[in-house]
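Student: Got a structure for you, written out below as structure tokens; questions coming shortly.
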Amino acid sequence: MRPASDLTWTDVTPEHLFLNRRSFIAGAAALVAGSAGAAGFSTDEAPNSFDEITNYNNFYEFGFGKTDPARFAKGLTTDPWSVEIDGLVDRPGSYSVADLAPDNAVEERIYRLRCVEAWSMVIPWLGVPLASVLEKVGVQPGAKFVEFETLLRPEEMPAQRRRSMQWPYREGLRLDEAMHPLTILATGLYGQALPNQNGAPIRLVVPWKYGFKSIKSIVRITLTDTQPVSTWQAMQPGEYGFYANVNPRVDHPRWSQATERRIGAGLLGGRQDTLMFNGYGEQVASLYAGMDLARDY
Ligand SMILES: Nc1nc2c(c(=O)[nH]1)N[C@H]1C(S)=C(S)[C@@H](COP(=O)(O)O)O[C@H]1N2
Ligand SMILES: [Mo]
């Protein structure tokens with residue numbers, strides 16, 4: 001079974017064609033028993049439209065409004081781009097996006113995205129497992145966590161000229177979370193290069209965690225032995241924990257997390273129950289065995 005991304009992404013994009021192709025791929029995959037292909041990681045829920053995915057964003061470097069990223073990220077220079085990989089790795093250095101996510105390794109992953117603000121979408125990403133990148137650079141035995149950092153470039157990221165947040169935006173994962181096959185570095189969506197507002201040219205996607213963990217426009221990845229402090233944790237420790245696993249039973253101090261508004265689902269049918277680990281529990285619950293998820297959120 002070849003990954004869906006091998007089919008023909010060169011001729012891609014119109015959304016209706018994509019959707020047709022999806023149902024074809026889903027049908028084909030269903031015929032292959034025990035397939036380890038991309039279909040095993042993707043949801044068959046209907047993806048949000050390209051328009052929704054690229055016009056309703058959180059990317060605070062460009063402002064706090066949902067349409068600010070679409071308006072203001074156009075001016076972000078994403079080529080050339082390099083990602084510094086350092087810390088407890090055998091081959092530290094400066095890597096290009098093509099080094100980390102070569103075209104022939106890119107696969108499609110259709111994932112739910114659940115924002116901590118209680119809205120959600122389904123997004124057809126293109127990307128590579130983060131594990132493949134970490135294997136490439138060689139993780140040293142002492143490494144326990146991975147820290148990520150977004151670009152700091154106030155000339156192109158207007159909100160960085162204000163002290164509205166602690167810049168650059170930082171996030172972190174435990175090493176086993178980072179190595180999990182669901183965790184990807186995304187370089188595209190809907191079969192094309194990642195739009196700037198979605199975190200071009202390369203961003204993290206961790207589908208069982210609240211969206212803020214999925215840090216955009218990454219310029220540094222550091223392997224470390226100490227638990228990183230994420231931007232949100234540093235600013236509001238009582239509201240945002242390090243783990244940030246989607247959990248309908250642990251409410252945000254200011255709102256319920258029991259349900260979510262699926263963007264684009266319409267005014268009447270738009271709310272749905274939020275699932276533990278955003279519906280990825282079967283794959284990830286074992287990572288947290290023995291932890292009290294109400295305390296270590
Ligand atoms: N650097 C950076 N990464 C970020 C954010 C941000 O403000 N800055 N917002 C996060 C939040 S809160 C969410 S919900 C997702 C949104 O991703 P999307 O706009 O591609 O849907 O990006 C996350 N990654
Ligand atoms: Mo979010």
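Count begins at 1; order follows the chain as displayed.
Cβ atoms are placed via backbone N, Cα and C, with glycine included.
Relevant sequence annotations retrieved from TrEMBL are reproduced here:
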type	residues	note
BINDING	Asn57, Tyr60, Glu61, Cys115, Thr150, Asn198, Arg203, Ser214, Ile215, Lys216	Mo-molybdopterin binding site
DOMAIN	78-232	domain 'Oxidoreductase molybdopterin-binding'
Student: Looking at the domain 'Oxidoreductase molybdopterin-binding' (78-232) alone, can you tell me the average pLDDT?
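Tutor: It averages 98.
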Student: Using Cβ atoms only, which residues of the same chain lie under 8 Å from Arg203 (Mo-molybdopterin binding site) while being at least 6 residues apart in sequence?
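Tutor: Long-range Cβ contacts: Leu185, Ala186, Leu194, Ser214, Ile215, Lys216, Ser217, Ile218.
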Student: For the Mo-molybdopterin binding residues given in the record (Asn57, Tyr60, Glu61, Cys115, Thr150, Asn198, Arg203, Ser214, Ile215, Lys216), what is the largest pairwise C-alpha separation in angstrom?
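Tutor: Between the most distant Cα atoms of the Mo-molybdopterin site, 19 Å.
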Student: Going by DSSP, give the three-state secondary structure for Glu61 (Mo-molybdopterin binding site).
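Tutor: Note: Glu61 (Mo-molybdopterin binding site) is helical by DSSP.
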